[in-house]
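What follows is a set of notes on a single structure, which appears directly below.
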Amino acid sequence: MLWVAIIGLVMTVLAVAVAGRRALFLFKLATVGPPAPERIEYAKTHAADEAKAQLVEVFGQKKLLKWTPSGVAHFFVMWAFFILLTVYIEAYGSIIQGAITGRPNFHIPLIGTWGVLGFLQDFIAVACLAGLAVFAGIRIKNEPKKLGRSSRFSGSHLGGAWLVLFMIFNIIWTLFLARGAAAANGNLPYSSGAFVSLALGDALPQSALLEEIALLLHIGFMLVFLVIVVNSKHLHIFTAPLNVLFSRRPDGLGGAVEMRVDGKPVDFEDEDLDPERLGRGKIGDTTWKGFLDFYSCTECGRCQSQCPAWNTDKPLSPKMLILDQRDHAFKVAPYLMAASTEHADKDVLALLEKPLVGEEGVIHPDVLWSCTNCGACVEQCPVDIEHIDHILDMRRYQVMVESSFPSEAGVMVKNLENKGNPWGMSEMKRADWIEELDFEVEVVDEKMPEDAEYLFWVGCAGALEDRAKKTTKAVAELLHIAGVKFAVLGPMEACTGDPARRLGMEYLFNMLAQQNIETLNEAGVKKIVATCPHCFNTLANEYPQLGGTYEVVHHTQLLSKLVDEGLLTPITPIEEKITYHDPCFLGRHNKVYSQPRDIMSKVPGVTTQEMHRHKDRGFCCGAGGARMWMEERIGKRINTERVDEALTTNPDTVSTACPFCMVMLGDAINEKKNNGEAKESLEVVDVAQLLIKSVKGAS
Ligand code: SF4
Ligand code: SF4
């Protein structure tokens, strides 16, 4: 049996050397770019959250299990990797023991003859085979040739995936052959439990040679698989747990990441700041976390299948956004890692200097500017890839270095610069809505009034846009009825900076945010209620990056609490069928799903029906990511797609909780009415409007 041990160990040394060389290459490539110390710091300071994420997402496969049956299949295949490590310990132990004693009957000390372990090994191997069959079925059913872009595998490397399924299959059948042959020869360490191996042992002839060849085949397939894994998308087996570890918690949603230069938060006051270093312009500007995202993508296409841009025929696929960068990085890797490019020819230099975004770039501008920052991709990604971070960093470079962005958005930028709101209206108009109320609203005069509990952050839309003003007045009235003392900033309030930041204009965001934080801090604000989910998200999740930390709630959270406490009592029935649209920055970005629904459930007479895509799978209205301020020229309009979906529920009313969603859905509904595709009475309202109607009994 000596020859078996020699062949087995030589194969192992060779395969580990090849795989190790590749791992070293991947490490070096990932670390060519700027550092990301904040990611390590974050993992350290959020160790408990990160440990929980490993348990829930990696070992528990929480995200994948939402996608039954592929999630169940993946669960078993992944656990097979862990449990069958014990079979490899036995296999290596057997070839070594066989070489020494002539009998390959090694068992793991203490637990190695325990029937439960034998059962677990056989069970998980059978479950893995079943998982492979499910994967094959899913791939055949979702064949891109058949389904075109509606297949989530469209654009993925299909050959590699089939090869990996084939290799895992080979590992499992050789496992059973080796264990069956061992059982036939009396070398299997289990006398019970290993139900398949023992049954095979009864069927197979006694043959030492068969056992030796089967052992080598089993080890050999695993080693070939190892080499394939580190050279393919299946690298995620090793990188996904790392990517989960270094991702933000609870996920890469909520606040946008701070812009950094050389790992430090950007300081626009710094005279030495190199303006060419803002954002990401070339692949070499990618941090190791970005590379970890590239290495972790399994090409499963779950992100793509949920993306509103992709689903309305735009060129943006979040999956391809990651894969195109990854493929380009591999293409230029030798040059990127070279100490010097002094003697490189001009083609090499051109490849290295290839812009990340551009007509001739790695990513087409139409791809970059199609994103609504809705977060559907990040929410679904089973390996916690943070697509929005990539998009924002590329936008930052385009906007601040190249001055290249959709021209329509330029008007919004100018208005923010000059007037502090995207519409360019006078700041004095910000308090006009107050005059339409029949009670007093306190306006902050430098300091918050002593008796005011909340600062009501009205937002630009809430103060200046006619439809959103109705929500503002409803919320103010409800707070007044409930006896909640609040004040507003009035003309002192400026845009939070969300549209500027999501466009990539970090400088302008910083300016507006600092101005607001100064106002809020000087006024002594502690608690804020906001009606706009974009304001809510920025105030709660982004202002702390700049020293503004407040307790921020969305109006639906506060109103739901007031209803629960009996301070607001909806009494007048509203006999309507309502479908609720989840605003992305309230739902996915901040996980506020239940409160708006709770409010509606308390209004007598209301019947609700969910749209097919709701809660964490809700479909964007098309306004996020500063898309509100850009023309939508490619494909079907996202708001039209959403209203088409709403119409399938035959609603009397569409409700939501965001001024931008109100505008986008309202526009699409009006278009449908004009075309005779929606009833004249159909309207879109904020849940606060429903509540005030029921509380006051107004018509
Ligand atoms: S954030 Fe939304 S629009 Fe942007 S890539 Fe992800 S799913 Fe698509
Ligand atoms: S980015 Fe995530 S969801 Fe999208 S294809 Fe890759 S692994 Fe799948």
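Cβ from N, Cα, C; glycine included.
Per TrEMBL, domain '4Fe-4S ferredoxin-type' is recorded for 288-315 (among others). If you take every residue in the domain '4Fe-4S ferredoxin-type' (288-315) and average the pLDDT, you get 97.
TrEMBL lists 359-391 (among others) with the feature domain '4Fe-4S ferredoxin-type'.
Panel annotation: around the transmembrane segment (6-24), residues 92, 95, 99, 215-216, 219-220, 223-224, 226-227, 229-231 of the same chain, lying at least six beyond its termini, place a Cβ under 8 Å from a Cβ of the stretch. What TrEMBL lists as transmembrane segment is 6-24 (among others).
According to TrEMBL, the feature transmembrane segment maps to 72-91 (among others). Beyond the ends of the transmembrane segment (72-91), by six or more residues, the same chain brings 61, 64-65, 106-108, 112, 117, 120-121, 124-125, 127-128, 130-132, 134-135, 138, 168, 171-172, 175, 178-179, 189, 215, 218-219, 222, 237, 382 to within a C-beta distance below 8 angstroms of the stretch.
Here TrEMBL flags 111-138 (among others) as transmembrane segment.
Proximity of distant same-chain residues to the transmembrane segment (159-178), defined by a Cβ-Cβ separation under 8 Å and at least 6 residues beyond the stretch ends, is recorded for 77, 80, 84, 87, 91, 125, 128-129, 132, 135-136, 139, 153, 196-197, 200, 210-211, 214-215, 217-218, 221-222, 224-225, 228-229, 232-234, 299. Taken from TrEMBL, the feature transmembrane segment applies to 159-178 (among others).
Per TrEMBL, transmembrane segment is recorded for 213-230 (among others). Distant neighbours of the transmembrane segment (213-230): 4, 7-8, 11-12, 14-16, 18-19, 22-23, 26, 88, 91-92, 94-95, 104, 163-164, 167-168, 170-171, 174-175, 177-178, 180-181, 237-238; these residues of the same chain sit at least 6 beyond its ends, with a Cβ under 8 Å from one of its Cβ atoms.
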Under DSSP, the domain '4Fe-4S ferredoxin-type' (288-315) has how many residues in helix, strand and coil?
-> 17 helix, 0 strand, 11 coil
With DSSP, how much of the domain '4Fe-4S ferredoxin-type' (359-391) is helix, how much strand and how much coil, in residues?
-> 14 helix, 1 strand, 18 coil
